[in-house]
Amino acid sequence: MAQRNTAYIDKLNIGLMFVALLPAILLPFELFLFVYAILGPLHYLTEINWLHKKQYFTSHKYDYLGIIVFILAVGLLVFFHSKYKFIIPILIFITFGASLSMVLFKSIGKKLITVISCVILGGVLFYFFREHFRIIFSILLPTIVHVFIFTGMFILVGALRSNSSVALLSLITFIACSVVTFLIPPTFSFSSISEYIYGNYSSFRNINRILMRFFSFIHVDDIRTSYTNTSYIKEGDLTLFFSDNGVRVMRFIAFAYTYHYLNWFSKTSIIQWHNTKKRNLIFIIAIWIISVLLYLYNYKTGLKWLYILSLGHVLLEFPLNFRSFIEVKKQVSLKIFNYKQS
């Protein structure tokens, strides 16, 4: 019965990948802003609720409080526009390392030693590789690494555990859909970069710029000439919104985020709406409705309102991410051992 249910979810997710892919190809900017505002808040709330039930996959019941301290520290630096905001990537790095210790060790002493080591190592890496360190830990890790790499890791874990051809097909489909976002010519995209879309996407542009540099080998950055009335767009942003490379990267981002959300909501056996306490359910729905209304009223206000929740769910998931990597190593080692024995 459990295997049949898993196979059903795998098949459902293959379908959801195509559901995410088609609008990502056609209307990447519009799709991203829509799912980020509508599905994003509900995802944060339901996942944190589920992680809390699972003790955040840490070795001690209250380890997660350490992660919350770092989340609040980042939030305070951002909201008060502190001159010390430059240390945010270091704080995220420390949280990342501390989360690993929460998975590997039960001893509080070992966890504290890990945190102190991360403080020192983070400071050294930041000093010598400041820009690269900032890009990895304050831009890529909380965004595209979280929604794409870690989602792919969860799919891989499922495929290795189940030995199911359908689960393996879901992993192949996930990779294939991601590649397709780059292969289909940008002439098949019909995004209209209105002043609303341009203004509200401003908070996410750094992700695009970094990925455009990374994927610059795919296509020469020729800016298409089929745009009009774009006086509100800065010259430096034309490549991001109108070049072939810019459109391909935006498709990839839109697909990654959309499928990340759909993948989560497909797992009703994990969310367990029916087993959620009534008080928690009312709280989740109320915050979600308020969040969506704020996005509708003013998108940037919605982003500010949900910044802590968005970053928080990423950081609180770190222990689970590490457990997934450990599980992949375990499953691969087991398969190699079984192969040698046969």
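In case you wondered, yes, glycine gets a Cβ from its N, Cα and C as well.
Outside the transmembrane segment (14-42) by six or more residues, the chain places 166, 169-170, 173-174, 177, 180-181, 184, 188-193, 197, 200-201, 204, 241, 247, 250-255, 257-259, 261-263, 265-266, 284, 287-288, 291-292, 295-296, 299, 302, 306, 309-310 with a CB less than 8 A from a CB of the stretch. Look at TrEMBL and you will find 14-42 (among others) tagged as transmembrane segment.
Among the features that TrEMBL reports, transmembrane segment is placed at 62-80 (among others).
The transmembrane segment annotation in TrEMBL covers 86-105 (among others).
Long-range neighbours of the transmembrane segment (112-129) within the same chain, counting only residues 6 or more positions beyond its ends whose Cβ lies under 8 Å from a Cβ of the stretch, are 66, 87, 89-90, 93-94, 96-98, 100-101, 105. Per TrEMBL, transmembrane segment is recorded for 112-129 (among others).
Taken from TrEMBL, the feature transmembrane segment applies to 135-159 (among others).
Annotation source TrEMBL lists transmembrane segment at 166-184 (among others).
For 280-299 (among others), the entry in TrEMBL reads transmembrane segment. The list of residues near the transmembrane segment (280-299) in space but at least 6 beyond its ends in sequence, with Cβ under 8 angstroms from a Cβ of it, reads 33, 37-38, 41-42, 45-46, 49, 196, 199-200, 273, 305-306.
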Can you tell me which parts of the same chain pack against the transmembrane segment (135-159), counting only residues 6+ beyond its ends and a CB-CB cutoff under 8 A? 6, 10, 13, 88-90, 92-93, 96, 167-168, 170-171, 174-175, 178, 204, 206-207, 210-211, 253, 256-257, 259-260, 263, 310-311, 314-315, 317, 321, 324-325, 327-328, 331
Residues from the same chain, set at least six apart from the ends of the transmembrane segment (86-105), whose C-beta lies under 8 A from its own: 56-60, 63, 66-67, 70-71, 73-74, 77-78, 111, 114-115, 117-119, 121-123, 125-126, 133-134, 136-138, 141-142, 315, 318-319, 321-323, 326
